[in-house]
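Encoded as structure tokens, the structure appears first; notes follow it.
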Amino acid sequence: MILTRRAIMQIGAGAAVAAGLTPFMASAKKYDDALAEFTGGAEVIDGEIELTTPEIAENGNTVPVSVAAPGAAMIAIFADGNPEAEVAVFTFGPLAGSQAASTRIRLAQTQNVIAVAQMGDGSFRRVAREVKVTIGGCGG
Amino acid sequence: MATGVKPRVRAPKTATPGEVVVLKTLISHPMESGQRRDSDGNIIPRSIINRFTCTYGGETVIEMELHGAISTNPYIEFEAKVPASGEFVFTWYDDDGDVYEERAEVTVA
């Protein structure tokens with residue numbers, strides 16, 4: 001693993017032992033950061049939203065994903081094993097027919113796809129689904 | 001620079017008042033994530049559509065923020081409420097500053 005300057009900065013002085021940080025850990029941290037940015041550090045409760053993904057994606061370049069969270073103002077989708085954890089953020093307007101959307105995403109490897117919804121009352125809900133990826137979608 | 005970008009939208013032509021209609025959009029775009037390397041090992045620069053919006057009669061239906069993990073030729077499906085006759089305006093915003101727009105009129109009877 002080649003450590004970029006940024007990666008070294010992130011690891012910090014006290015964690016020099018973590019130089020062997022695996023790519024998995026590195027990306028998991030990016031998901032935590034991305035989640036914290038979306039929720040502003042608020043508590044996230046599991047459940048009450050729907051996330052539809054295939055169990056196995058033969059081609060990680062185009063994985064269909066549907067999310068539905070009745071009463072949500074915003075829904076964010078994250079992929080915790082991608083180089084960049086953020087995938088998409090949907091914001092629903094007054095004319096939205098439902099708080100639901102579908103799209104197609106890239107997954108670099110087998111990982112969790114996570115949907116986090118900000119509900120109308122400001123609370124956050126989360127659901128995660130593991131997707132097994134046969135061929136990764138980030139061009140090796 | 002993204003070339004050959006072509007937005008496509010499927011929306012109903014007619015609806016009943018207050019009906020919830022399904023909208024399907026597809027835009028041909030490479031969505032280069034900035035993670036890939038070419039055969040010489042150089043990173044291919046990121047070039048994606050980073051934002052999408054849909055309005056009906058000037059009111060927002062949905063806004064979407066897109067990241068590099070959205071597939072080539074972004075497909076977006078969602079639902080909208082149509083209170084009266086009007087026009088959907090679909091807008092895609094490219095990293096390079098380009099804006100692509102597509103419209104669909106709906107007659108409510």
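Using the three backbone atoms N, Cα and C, a Cβ is placed for every residue, glycine included.
Annotated features, as they stand in TrEMBL:
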- A:37-138: domain 'Ig-like SoxY' (DOMAIN)
- A:1-28: signal peptide (SIGNAL)
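Confidence for the domain 'Ig-like SoxY' (A:37-138), expressed as mean pLDDT, is 93. DSSP labels the residues of the domain 'Ig-like SoxY' (A:37-138) in these numbers: 3 helix, 62 strand, 37 coil.
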